[in-house]
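See structure below.
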Amino acid sequence: MGQKRTLSPVSDEQGQRRRDLEARERILSTTLRMLGTLGYSRLSIGGIAQEAAVGKATIYRSWANKAALVLDAVRVQLPEVPVADIGDSKEEIVAVAETLAEIYGSPKVRLVLPALVSDAAADPELGRRLVEELIEQRKKQSVEVLDRAVERGALPQDADVSTVLDMWAGLMLFRSLFYGVSLDKESVRSLVSATLASPPRTAPGDERARPTGP
């Protein structure tokens, strides 16, 4: 009669972590898929749980509500801003602007951003995450590239790089939310050329040009 095999505590723990990660990935991918077919307002935790073959309690262990889950699902699909030094400030800035146009013009962002902003008004933690994870993280990456352009002389020393990025975001989101389109590559290059030719300037002692966010 063979001996009964038992799992060690370490093996059991590793197996549980793997199952948790698999469930998390399944929940996030299901959320994105259902978001595309149902829209934000018709999406529900119960529906996601059923489609992902998990219990609602599994979802609520990681996400406080639907908005937090949707934010995570969308965030992980968005590209990082390229910060590589290629020795050409204009091309580096164009790459930044093209990535931001892709992010702000994304159909998923267009679909969920108004709803997330609305929910964030009553949920300070969601509001904090929305700003830090969707906006400030990529703004910090963008500032790194624009600061390098200042150091090289491609932008003046008093260029207000924070306002530059806010202006770009405003234009890109306006086009996305109200016209349903993202800036094309030609428009992005024109925007960068206009920025390099005449950027907004900081007033003496103004610290707004360098965001302090995470």
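Going from the start of the chain as shown, residues are counted 1 onward.
Quick reminder: no glycine exception, Cβ is built from N, Cα and C everywhere.
Unlike curated entries, TrEMBL annotations are predicted automatically.
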Segment assigned the feature DNA-binding region in TrEMBL (from 24-43, 44-63, 84-103): 44-63
Average model confidence [pLDDT] within the DNA-binding region (44-63): 96
Tally of residues which DSSP labels helix, strand or coil - the domain 'HTH tetR-type' (21-81): 43 helix, 0 strand, 18 coil
